[in-house]
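Structure provided below as structure tokens; questions to follow.
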């Protein structure tokens, strides 16, 4: 595998601060179009793209994404994000994130604590955290202030098929995050698409994470362009 690219920590933090549109996608094994898809989404204005294969169609058809296959997919992400000056994130797996030279490691509430993950990944790697209630948001803000995480996500805003068993706290949690976090880096997530985006922005979010709004689009680039246009008009 090629030596992973490394970005200076200050560069990563600056790019995170400017990021508005964050895409989560699986490895698209059942389609075989990962490189084409990721490049199209990034060309449309996606700022951060994350590999998250858990619960995907590919996992149902072929089984869990093995470490070697995950690293092969990461090479595609690394190449595409380098070409488009975007950030590459890995979900959950600190070992994969480090081996792949990812820019970002994203953690759920049940994953490694951020302080432990920080001991595994390189010092300049950004770390994000999912939050699902007001208490978790407040804890994430404190962790951000302490330098344990670099951003957090809030949601889901609406129920999603990627996490069918998780209740959706809705836009009330987005409003709480806007109150608690202010202009710190945080993203609303969960069921957001072009039609729902104005409601999310009205609730106080300025950054979003999407999945199906782009992964299920007939034209991923156009879908990303539509979302980023609305986001930048509000910023």
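Note: Cβ is positioned from N, Cα and C throughout, glycine not excepted.
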Need one residue: from 18, 163, the one Swiss-Prot lists with 50, 51, 52, 53, 54, 91, 130 for 4-amino-2-methyl-5-(diphosphooxymethyl)pyrimidine.
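Same 4-amino-2-methyl-5-(diphosphooxymethyl)pyrimidine site in Swiss-Prot: 163.
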In Å, how long is the longest CA to CA span across 50, 51, 52, 53, 54, 91, 130, 163, which the record gives as the 4-amino-2-methyl-5-(diphosphooxymethyl)pyrimidine binders?
16
Fill in the CA-CA distance, residue 163 (4-amino-2-methyl-5-(diphosphooxymethyl)pyrimidine binding site) to residue 92 (Mg(2+) binding site), as an integer in Å.
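Spelling it out, the Cα of residue 163 (4-amino-2-methyl-5-(diphosphooxymethyl)pyrimidine binding site) and the Cα of residue 92 (Mg(2+) binding site) are 15 Å apart.
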